[in-house]
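Novice: Structure in structure tokens, see below.
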Amino acid sequence: MHDIRAIRENPAAFDAALSRRGSAPVSSDILALDEARRGKILAAETAQADQNKASKEVGAAKARGDEAEFERLRALVAEKKAEIAAMQAEAKELDTQLSELLAGLPNLPAEDVPQGADEADNVELHRWGTPREMDFAPKEHFDLASVQDGMDFETAAKLSGARFVLLSGAVARIHRALAQFMLDTHSEQNGLTEVNGPVLVLSEMMYGTGQLPKFGEDSYQTREGWWLIPTSEVSLTNIVNGSTIAEDYLPRRYTAHSLCFRSEAGSAGKDTRGMLRQHQFEKVEMVSVTHPDHSDAEQKRMLRCAEGILEALGIPYRTIVLCTGDMGFGARRTYDIEAWLPGQNTYREISSVSTCGDFQARRMNARFKPADGGKPQFVHTLNGSGLAVGRCLIAVLENGQNADGSVTLPQALAPYLGGKLTLNTDGTLN
């Protein structure tokens, strides 16, 4: 959500920022609705003052026996009451229209975000690790001999349809180990508070983080009205929904491992094989709630937390900053981390780390109380994958593959796998 006062003060700057995201200028429409709404509110207040004045005079007219004046004033009070109700209803309708217009507009990009139309204009910041040279043709994860029994797409399709997978045996254990390793790292080393939250949330929570109203088709809703979360960002960020937090309570840093659900609307034909794009998947999420002065530094901190997971696993990656045309709806700035997948001979996204400024906080009405006793201000919110567990499994399998189809697993997983770091071609660990 956007600050209407900032739009009033500098509508040209607002339109210019929107244009960087490819959106048409809309400040004139916003200000027209705002002016009409404020006009109705002022008219209702004026009518209320007239009604109050007439109400006081009714008693005086009655006391002095002026029946004609008494009746005139009574009629005036009733007339003003009807006027007030009508103007308040009109103001409410205009307020709804204004809120709906503002709710459909994306966040404004930070000044340092590169200008661009799509992913081709994203800017690489740095790389870590060197892709391993293999003296054989590397395979994609789903073709490896060692996962043929443990990564079952056929049975999953029988159970649920396309874009699902059934993991079993050692592959399921490695998947679980990765999630546990991420959670332990974030909670024990990176200082995040572990949360186990609901995966079913109210519409208000989806609105708070920006999934609604514009992107409802991307998620699943139950008959009872709950939404299945597309990411734990929804559950974690909305912990502060409707709250006013003491400044010394900031920053709040959360992490959670959860199931996530996405309809993948608009993704027909993309990544139809394997685990890269699923309707149901698992992710370890990071969320920070900060003072506005500290959000840029916090984003870099979160980025390092996510990058550190890949470094510990020995997975080569590159980090890019998304251009204005490729950022998500609620983001002010986004860094993507892409892991090297030798089976595809390319880097693929495994994490996005975004700062949203006060965009989500305004939708959630989440504020903090300054330590100096000043007026409450909106917090800043940030979110990032730390990491997508299924995609991390893909990266571990493909980067650790051997010529015979077995996989050498990262040393970091040894404590979670009983020290067994070889996934054999028969699907066993040793």
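The backbone N, Cα and C atoms fix where each Cβ goes, glycine too.
The following feature annotations were taken from Swiss-Prot:
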- THR231, SER232, GLU233, GLU285, SER385: L-serine binding site (BINDING)
- ARG262, SER263, GLU264, GLU349, ILE350, SER351, SER352: ATP binding site (BINDING)
Novice: How big is the gap, in Å, between the Cα of SER352 (ATP binding site) and that of SER385 (L-serine binding site), rounded to a whole number?
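Specialist: Cα to Cα, SER352 (ATP binding site) and SER385 (L-serine binding site) are separated by 6 Å.
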Novice: If I take the alpha carbons of SER263 (ATP binding site) and SER385 (L-serine binding site), what is the distance between them in whole Å?
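Specialist: Here the two Cα atoms lie 19 Å apart.
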Novice: What whole-number Å value do you get for the CA-CA distance of ILE350 (ATP binding site) and GLU285 (L-serine binding site)?
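Specialist: On Cα coordinates alone, these residues lie 12 Å apart.
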Novice: Restricting to the record's ATP-binding residues (ARG262, SER263, GLU264, GLU349, ILE350, SER351, SER352), give me the longest CA-CA distance in Å as a whole number.
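Specialist: Greatest Cα separation within the listed binding residues comes to 19 Å.
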Novice: Given the binding-site residues ARG262, GLU349, SER351, state which is nearest to GLU285 (L-serine binding site) when distance is taken between Cα atoms.
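Specialist: When the Cα distances are compared, SER351 comes out closest.
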Novice: Taking just the CA atoms, what is the gap between GLU264 (ATP binding site) and THR231 (L-serine binding site) in Å?
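Specialist: Approximately 13 Å lies between the Cα of GLU264 (ATP binding site) and that of THR231 (L-serine binding site).
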Novice: For GLU233 (L-serine binding site), what is the secondary structure by DSSP, using just helix, strand and coil?
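Specialist: DSSP call for GLU233 (L-serine binding site): helix.
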Novice: For ARG262 (ATP binding site), find which of the binding-site residues THR231, SER232, SER385 come within 10 Å, Cα to Cα.
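Specialist: Final answer, ordered: THR231.
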Novice: Counting only other Cβ atoms and using a 10 Å cut-off, which of the binding-site residues SER232, SER351, SER352 scores lowest?
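Specialist: So among SER232, SER351, SER352, the binding-site residues given, the one with the fewest Cβ atoms within 10 Å is SER352.
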Novice: So what sits near GLU233 (L-serine binding site) in its own chain, CB-to-CB under 8 Å and at least six residues off in sequence?
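Specialist: THR209, GLU285, VAL287, ASN383 - these are the non-local Cβ neighbours of GLU233 (L-serine binding site), listed in sequence order.
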